[in-house]
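Participant: Before we start, here is the structure in question, set down as structure tokens.
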């Protein structure tokens, strides 16, 4: 009977993955025997085990806390990569004017694409009932419709993949006890934001399917909803990447000086400016403002075009006037690259770790590359490959800005 009870336990504790999680010598009582009452453990005896490891009543053994942090950090890094992919694919979908090809939304039903000719004809007939076909694409063939349909379908399926990448591992890590109390709150917020993002995407598409007051208005999604959709995706991306970097990268113990504090604050402001510039790109895309003035540095024949304030009230121009929207994006882009340049030279005046210097240098190089891509996209009348690369560059620039912020973060005492 003893053999049946204790042999599996011995084999379990003898596995290589658990040898570091238990003491080499079993704790004994004062009398030297191995009875049920144990002496208090010496400090550090279980220093590699998380606070939930080997608790009574648990059927599993938790990973060491540092190992669990690395696993969770890598998971969030992968998640941020999937969000970046969704943003890039969504940008290409917008550039190819494919976003309004799927005129309804079903969480499960639409996962199966049409297969027969009859199903494709039925899908095409649904599309023909909406303004985009009637005004812009009335001579579209079925083959052309299939292309834009598959573009939107790919974006939607990728969005579902993003949801699974967040929710399923989150549930697993929660059950295993690998999430600290602080991480649990963050992970819940991230999963909630993923679900909100999906609903916001359909809310955006609906705006492009509605009949406009003027029957000759170009069908397009609301630039406000497009900016909200992109903005929430960027927030999700930044939050995931920041948490991942905080878990994976060891913190630098930097000497807190006035110069370091100023550099840290300036890095935060620069990252915010980069975020705002990327967000303004949604208004440029939503209004096709990149096709208004295709010259640089001037806009047409002047530095400040005359049609900046054609709408009334004046505030409407900031969000609805294509000329003003392009002008704002130019100004924000120039302000961003200027801020990155100043940040780089400020970082050179302070003794910083090598990894932090690499982040600052990479940020500078990416900023000027992004400006070059933006100017080229403008001068070449927004070709899809170049415009998609420019959008991807904004994500790369934002990522490195977050990396530099993470390098400069204050170490808690």
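Quick reminder: no glycine exception, Cβ is built from N, Cα and C everywhere.
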Participant: Is it the same side of the membrane for residue 175 and residue 409, going by what Swiss-Prot records?
Facilitator: yes
Participant: Kindly point out the range from 124-144, 187-207 that Swiss-Prot annotates with transmembrane segment.
Facilitator: 187-207
Participant: Take the topological domain 'Mitochondrial matrix' (1-70) and average the pLDDT across it for me.
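Facilitator: Averaged over the topological domain 'Mitochondrial matrix' (1-70), the predicted model reaches a pLDDT of 47.
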Participant: Could you check what DSSP calls residue 329 (heme b binding site) once collapsed to helix, strand or coil?
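Facilitator: For residue 329 (heme b binding site) - judged by DSSP and reduced to three states - the answer is helix.
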Participant: Provide the number of Cβ atoms within 10 Å of the Cβ of residue 329 (heme b binding site), excluding the reference atom itself.
Facilitator: 22
Participant: For residue 229 (heme o binding site), list the number of other Cβ atoms lying within 10 Å of its Cβ atom.
Facilitator: 23
Participant: How many whole Å apart are the CA atoms of residue 155 (heme o binding site) and residue 329 (heme b binding site)?
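Facilitator: Answer for this pair: 26 Å between alpha carbons.
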Participant: Distance between residue 229 (heme o binding site) and residue 329 (heme b binding site) at the Cα atoms, whole Å?
Facilitator: 18
